[in-house]
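According to TrEMBL, the protein has these features:
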| type | residues | note |
| --- | --- | --- |
| DOMAIN | 11-214 | domain 'Cytochrome b561' |
| TRANSMEM | 12-31 | transmembrane segment |
| TRANSMEM | 43-67 | transmembrane segment |
| TRANSMEM | 79-97 | transmembrane segment |
| TRANSMEM | 117-139 | transmembrane segment |
| TRANSMEM | 151-173 | transmembrane segment |
| TRANSMEM | 193-215 | transmembrane segment |
Amino acid sequence: MAIRALHLTIVPHALAVAAAVMVLVWCIYFRGGLAWASSNKNLIFNLHPVLMLIGFIILGGEAIMSYKSLPLSKDVKKLIHLVLHGIALILGIIGIYTAFKYHNESSIVNLYSLHSWLGMGIIVLYGIQWIYGFLVFFYPGGSAGLRSESLPWHVLLGLFVYILAIGNASIGFLEKLTFLENSGLAKYGAEAYLVNFTAVVTILYGAFVIFTVFAKAPSEDDNSYSAI
């Protein structure tokens, strides 16, 4: 028997809460807090993982799941899907800006790592995906033929970008933890374990978001991802 998407979302929702709490505990309790402007530049950087995980990955995942799992009309789900993705995109852009801000104010060069290269590519693809989806599926809206032809590619590219984002978040956690350990952080200390487990929970969250896409849609709308 097929698992219903709405029931399956219980798991990623719980993982989302856990991941959000864990990244906040890390950045506020272990790393000293959050700040847009501070003489302690590390507080500025702390905004980056918080915004990218909660704002970009979790909200982006909720946007993906909302279209498949909610027992609502297609038009309402389309609007929720669009708005959540839009918020995730904005917070993702701000999150990337905070990394540049931290680097610039700390005299650190930008865009030197794989994490930063992938991050820029992901946010650009995410933005293109959102704009195309808005124009074709929302307003002014493409023809029925264009929507039908575009939908499989829209879904495929969206999942591809989201999987990349999950993988890049894991690289980011690893990169930051490596920097901290090279600066003296205990490799088997509480903070190191917290960062690693946050990455694991993030990966599990992303996996269950993808599982939801392939689960059974609400009975009144069994073709959620087959027509827009």
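We count from 1, first residue shown onward.
Here the Cβ of each residue, glycine as well, is placed from N, Cα and C on the backbone.
Among the listed stretches 12-31, 79-97, 151-173, 193-215, the one sharing the most Cβ pairs under 8 Å with the transmembrane segment (43-67) is 79-97.
This prediction places the mean pLDDT of the domain 'Cytochrome b561' (11-214) at 97.
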